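Asks: I have a structure I would like to understand better, so I am pasting it below and will then ask my questions one at a time.
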Amino acid sequence: MKVVLTIIRWIVGLLFIFSGLIKANDPLGLSYKMQEFFEVWGWDAFHNYTLFFSIVMNVFEVLAGVAIIIGWRIRLFTWLLLLLIIFFTFLTGYALLSGKIKTCGCFGDCLPLSPLQSFMKDIFLLVLILVLVFKQKAIGTLPSSSALAGLVLTVVATGGLQWYVLQYLPIVDCLPYKKGNNLVKQMEVPAGAVIDSFAITFRYKKAGKEVEFDANNIPADLDSTYEYVDRYDKLIRKGNAVAPIEDFKLSSESGTDTTNAILQQPVPYVLVMAQNFDNWGKASVVFDQLLAEARTWNMPVIVATPLPDAAAKLFDKNKVTIVGLDATVLKTAARVVPTFFLMKRADILDKKSYKSGNSFLESMRKTHL
């Protein structure tokens, strides 16, 4: 039995460590997923706290995973994990049954799971954790001093990782706006994708009752006693024909769609993405350097923002092109405000947080060597 318990501890522990670390690589992603749930439930008051919840949850998942593996405070952590997995199972079950949440964010954007996959994963973990709860007395432990040192290091490392990626962008970028991608190709439906399948459905009335049928199931007694009501397209099979990037549209001050014109520029250019300008005082020094060097090479600089009026007050329109971009798109494309993209046509040559400005400037220089 001890061998079985050891295997279960390692499976549970490693899954929680993996889950916590992959989400710690992008805590804002989990924060936005929490906001999605809160919006569905009408809990908008919690929006401002989701990043804090995300950071704490990621630290706890990694901490709990390590604690389960080494057997530290096993009674406490088995019960805490049981409560957590019951909560997760509720969330994934809700997403599965309601159909209102497309992905649950269990493993972040790097490993997206469908609601069904997430729910089955949680049921599997729930069974394993229940075994640990009922057999906790048979689990061995490490000496307290060694265990405590390891757990403190775990908390510091996981917290430090999240601080770093919130300042400098995720270490592993799993989003479609990552370095090396082509934005135009990311806006295309993947080859081999299955489109939605519909059936034309007719609605009639007979003897005061509504009757529905499609072309393959026309009633044998269909005659003038049936009163036509309407027809509609009924979804019979949900496809997966969704492009990685949707709703990416750059627009001029007049509202003209300039996406193609910008993404087809033959010369390298800088695309600055900013949801807001709250941190612009910190970013302005780097931006001014960037702008000065770009002008020496006649490299266009474009600022994409949902706040073009605010941008117009900050920038000289003779030096910077200002375009509008949806805030939701920006939340995905630029986890740090602002984020710099070095572009050539639709290709992302480099992508950096403003705090990595020197590295970005070096990339700009290399394009002109």
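The count begins at 1 with the first shown residue.
Cβ atoms here come from the backbone N, Cα and C positions, even for glycine.
In TrEMBL, annotation is done automatically, which means it is predicted and not curated.
Copied straight from TrEMBL:
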| type | residues | note |
| --- | --- | --- |
| DOMAIN | 1-134 | domain 'Methylamine utilisation protein MauE' |
| TRANSMEM | 48-69 | transmembrane segment |
| TRANSMEM | 76-96 | transmembrane segment |
| TRANSMEM | 116-134 | transmembrane segment |
| TRANSMEM | 146-166 | transmembrane segment |
Asks: Which stretch from 48-69, 76-96, 116-134 shares the most C-beta pairs under 8 Å with the transmembrane segment (146-166)?
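Replies: It is 48-69, which has the most Cβ pairs under 8 Å.
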Asks: Can you give me the average pLDDT across the domain 'Methylamine utilisation protein MauE' (1-134), rounded to a whole number?
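Replies: Computed over the domain 'Methylamine utilisation protein MauE' (1-134), the mean pLDDT is 88 on the 0 to 100 scale.
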Asks: What does DSSP give as the helix, strand and coil breakdown of the domain 'Methylamine utilisation protein MauE' (1-134)?
Replies: 110 helix, 0 strand, 24 coil
